[in-house]
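Now, the feature entries from TrEMBL:
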type    : residues                                                                              : note
BINDING : Gly52, Ala53, Gly54, Lys55, Gly56, Thr57, Arg177, Ala222                              : ATP binding site
REGION  : 72-102                                                                                : region 'NMPbind'
BINDING : Arg78, Gln100, Ile101, Val102, Gly139, Phe140, Pro141, Arg142, Gln146, Arg183, Arg194 : ribonucleoside 5'-phosphate binding site
REGION  : 176-186                                                                               : region 'LID'
Amino acid sequence: MSPIIDKIAEALHIKSHHHKDGDANPPAEQSQPTPVFDANKITVLFVLGGPGAGKGTQCANLVKDFGFCHLSAGDLLRAEQNRPGSTYGEMIRTYIKEGQIVPMEVTVKLLENAMKDALAEGREGEGWADGRGRFLIDGFPRKMDQAVMFDEQVCPSSMVLFFTTTEDEMLKRLLERGKTSGREDDNEESIKKRFHVYKEQTMPVIEHYNKLHKVAEIDATATIDEVHEKAKVVVAKIFAGEVSQNVTV
């Protein structure tokens, strides 16, 4: 880790795995880490799509349908940047404003902590008995290293819900949202930077999960209700064990 990541890690209680030059006993080749959560009990669906594809709206609907805990990586980062006393709030704010991706150690640890908090709440309903849980993780992973780190160290993901539409449609939606959202990145300059980062860094993540047959691609150009129905059918099939390869709806 770089010095700045070391500081962030310390603040978020993340263990650093590197050693300093001169250590008498540098660590041997590390074995495969054991994930924090058991994938036999914890279901994780990643929700991806370009900025403005409607991920948050559809997650809210799926929470009502299936009792998910919805975690937005962006919301967790924004909460951390605004947390009183956060040493790294300004750094996170700069990354977000520039449309760049915050260092993965920060995002992954915030997600892990949020999952632990949700499980500790003792939620009721289908999917939450006997230490089980189901999570929609929205806007993550945005880079390959995030995907690998989460799957290896936190919990192997079950499927990716990939919402797609045109860049023109996403721009129109984001500019409209920007009139009321108060988000620093809902302006045309930041949006175009986000589109560039998405194409360059997030599309390889989709390609990775495609090769693993873990992508459900959902056309998000239609109305909110129409997209919801498509997503609802896909998720129901995932829980029924009927999805074992990539699907497009």
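Every residue gets a Cβ built from N, Cα and C, even glycine.
Comparing Cβ neighbour counts within 10 Å across the binding-site residues Lys55, Arg177, the minimum falls on Arg177.
Within the set of binding-site residues (Arg78, Arg194), the lowest number of other Cβ atoms found within 10 Å of a Cβ is recorded at Arg78.
Ranked by Cα separation from Ala222 (ATP binding site), the binding-site residues Arg78, Gly139, Pro141 are led by Gly139. When Cβ atoms from all protein chains are considered, those within 10 Å of Gly139 (ribonucleoside 5'-phosphate binding site) total 23, not counting its own. For the binding-site residues given as Gly52, Gly54, Gly56, Pro141, the lowest number of other CB atoms within 10 Å of the residue's CB is seen at Gly56.
The binding-site residues shown are Arg78, Ile101, Gly139, Arg194; of these, the one with its CA atom nearest the CA of Thr57 (ATP binding site) is Gly139. Here the Cα atom of Gly54 (ATP binding site) is found 22 Å from that of Gln146 (ribonucleoside 5'-phosphate binding site). When the neighbouring Cβ atoms lying within 10 Å are counted for each of the binding-site residues (Thr57, Gln146), the highest count belongs to Gln146. Of all the binding-site residues listed here (Ala53, Ala222), it is Ala222 whose C-beta has the fewest other C-beta atoms within 10 angstroms. Maximum C-alpha to C-alpha distance over the listed ribonucleoside 5'-phosphate-binding residues Arg78, Gln100, Ile101, Val102, Gly139, Phe140, Pro141, Arg142, Gln146, Arg183, Arg194 is 24 Å.
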